[in-house]
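**Student:** Below is a structure I'd like to ask you about.
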Amino acid sequence: MNNWNSITIKISREAEEAISALLIEAGSAGVEINDSADYLNHEDQFGEVLPEIEQSELVDITAYYPENMPIVELKAEIEHKIANLADYFSLTGLSVTTNNLSETNWAEAWKKYFEPARITHDLTIVPSWTKDYLATGSEKLIRLDPGMAFGTGTHPTTKMSLYALEQVLRGGETLLDVGTGSGVLSVAATYLGAAEIFAYDIDEVAVRVALENIELNPGHEKIHVSANNLLEGIDKKADVIVANILADILVLMTDDAFRLVKEEGYLIMSGIIADKADMVIASAENAGFFLETRLIQGEWNCLIFKKTENREGVIGG
C-alpha cells in the first residue's frame, strides 16, 4: 500500500475541466469530481435510491498526489495558477483544502469507478485496462485512459460534442479539433468517417496525453496532433471545426474559425455554461456563422454553427 495526499478544490461548475487539467499538469495521478448536478439531473430509470443532495453552483474537484510530493508548496502553486484564471470564470466560493490518505492504494483502487459507458447510439468509451469488453452491432469503442483526465467522454460538454459530431459528419471530411485534451473527439471523428483530423492543444501535457490515447485506437494514422494556441497561424481549411473549451476562450477563435471553415461547413462549440451562451452565439454570428442547432444538458450548452449563404433551416434563418 502507498500513502497519498489529496487536494480538493471547490469552484464554479464552468471551471471543472480547466481545473482538472491544471491538477493533472501539476502531477496528479487522476481527479475525482463531485457535482450535485450529477444527482439532480439523473434519471431514475432503474429504481436507484439516490442520496439527498443540496443543489449548488460549485463542484468539488479532488486530485491525488504521492505522499513524497511537497503538498504545502503544491497547494500554494495551484492556488496561484487558479488566481490567474480569474478573468475566465468566477472564483466566488473558491476553497482549496488538503488531506492525507493513509495506506490507500488509490492508484489502482480508483479504476473500479470507471466502466464502459455508451455515450451515443454508436460510440462507447472504454477504459484502456478493460480488455474483455466487445462491441455489439454498430457500436464503436473509443479506448481511453481516464487517469489522464482532460475529459473522458462522460462529461456533458464532451457528450454533446460527440452527439454534434454524429450529426454533422457524413464521411470524407477534414476536421480541426481545438483544445483536444484527451483526444476523445478526434478518435470519435475517425469512427464517424472523417478522412483527416488535425488536433491542437496549447498544453504540452495534453498533447502527450492525446497522442497516447489516440494510439490505443484504430485509425490513429488519420490524426495529427500538435501544440498550438487555438487556431493562430493555422491555414488548413476544414469541413468541421470542433472546440470543447471555456466560453471566454471560444470567443477568441470565432474569426479564425470562419476563415478556415469551408463554405457549408460547421463550427461546433461546447463547454459553454448557460449564462455565457449568448456571448458565444453573438461572437460566432458576428464572425459570419449562423446558429443551426443548440444542444442543452443541465447548465451546459453545445452550439452547432454553419457557414452558409443559404439560411433555410438555421435558427433565425
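The backbone N, Cα and C atoms fix where each Cβ goes, and this holds for glycine too.
Dumping what Swiss-Prot says about this protein:
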BINDING   T158, G179, D201, N244  S-adenosyl-L-methionine binding site
**Student:** Long-range neighbours only, meaning 6 or more apart in sequence with Cβ under 8 Å: which ones does G179 (S-adenosyl-L-methionine binding site) have?
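**Tutor:** Y200, D201, I202, A206, L230, A243, N244, I245, I249 - these are the non-local Cβ neighbours of G179 (S-adenosyl-L-methionine binding site), listed in sequence order.
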**Student:** Under DSSP, is D201 (S-adenosyl-L-methionine binding site) part of a helix or a strand, or is it coil?
**Tutor:** strand
**Student:** Using DSSP and three states only, what is T158 (S-adenosyl-L-methionine binding site)?
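**Tutor:** For T158 (S-adenosyl-L-methionine binding site) - judged by DSSP and reduced to three states - the answer is helix.
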